[in-house]
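These notes are about the structure you will find just below.
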Amino acid sequence: MTKKAESKELPPFEYPEGYQLFAGVDEVGRGPLVGAVVTAAVILDPNNPIEGLTDSKKLTDKKRELLFPEIQEKALAWSLGRCEAHEIDELNILQATMVAMQRAIAGLNITPDFALIDGNKVPELPMAGLAVVKGDLRVQEISAASIIAKVTRDREMEELDKAYPQYGFAKHKGYPTKAHFEAIEEHGVISEHRRSFKPVKRVLGIE
């Protein structure tokens with residue numbers, strides 16, 4: 001079965017009954033060797049719909065940049081959460097992602113009744129929550145969160161690229177590409193690199 005066929009067969013999402021305010025939560029940046037893992041939480045306004053919401057990875061940069069301010073303007077509430085590279089090294093990437101999600105939800109200026117989390121794990125939260133596999137494709141609130149998180153982190157990588165142009169962060173966004181491997185082999189690591197990740201440990205000689 002192809003990936004495309006799988007996506008067509010995703011079951012429609014049924015929102016849990018008895019709740020009014022749903023926050024969608026997603027993360028960007030679990031895989032990169034550098035920078036924070038960034039999360040977003042979004043509560044959409046059912047009376048102010050946003051066209052074109054889907055998984056941020058399926059959108060062009062231009063479309064994400066167009067949707068980003070529209071989500072910020074039309075959502076009832078949105079918030080960012082993050083865990084920096086040093087926190088990822090202390091906690092591990094899974095736990096750091098959970099903490100970043102908790103921070104995003106805590107930052108909302110409206111408290112949701114229910115949190116819908118992309119993936120298969122729910123962090124400890126003060127409200128009910130549900131993990132939704134492929135949630136960024138199935139749940140609009142999660143789609144919106146994925147766009148907010150993706151645009152935010154990509155912009156951070158573009159800023160980091162200005163400070164360290166030799167690494168090519170604007171292009172690969174910190175992910176473990178051949179160009180990134182070659183750059184850290186040649187130039188070493190910077191403070192934003194995740195020292196617990198194997199390719200970085202190898203360059204540091206601590207593997």
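Including glycine, each Cβ sits where the backbone N, Cα and C put it.
Just so it is clear, the model here is predicted, and its values are computed rather than measured.
According to Swiss-Prot:
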- D26, E27, D118: divalent metal cation binding site (BINDING)
- 20-207: domain 'RNase H type-2' (DOMAIN)
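Note: the divalent metal cation site is recorded as D26, E27, D118; in the same chain, V25, V28, T39, A40, M101, I117, G119, G135, D136, I142, A145, S146, A149 also have Cβ atoms within 8 Å of that site's Cβ centroid. For the domain 'RNase H type-2' (20-207), the model gives a mean pLDDT of 96. All protein chains included, E27 (divalent metal cation binding site) registers 27 other Cβ atoms within 10 Å of its own Cβ.
The most densely surrounded of the binding-site residues D26, D118, judged by C-beta neighbours within 10 angstroms, is D26.
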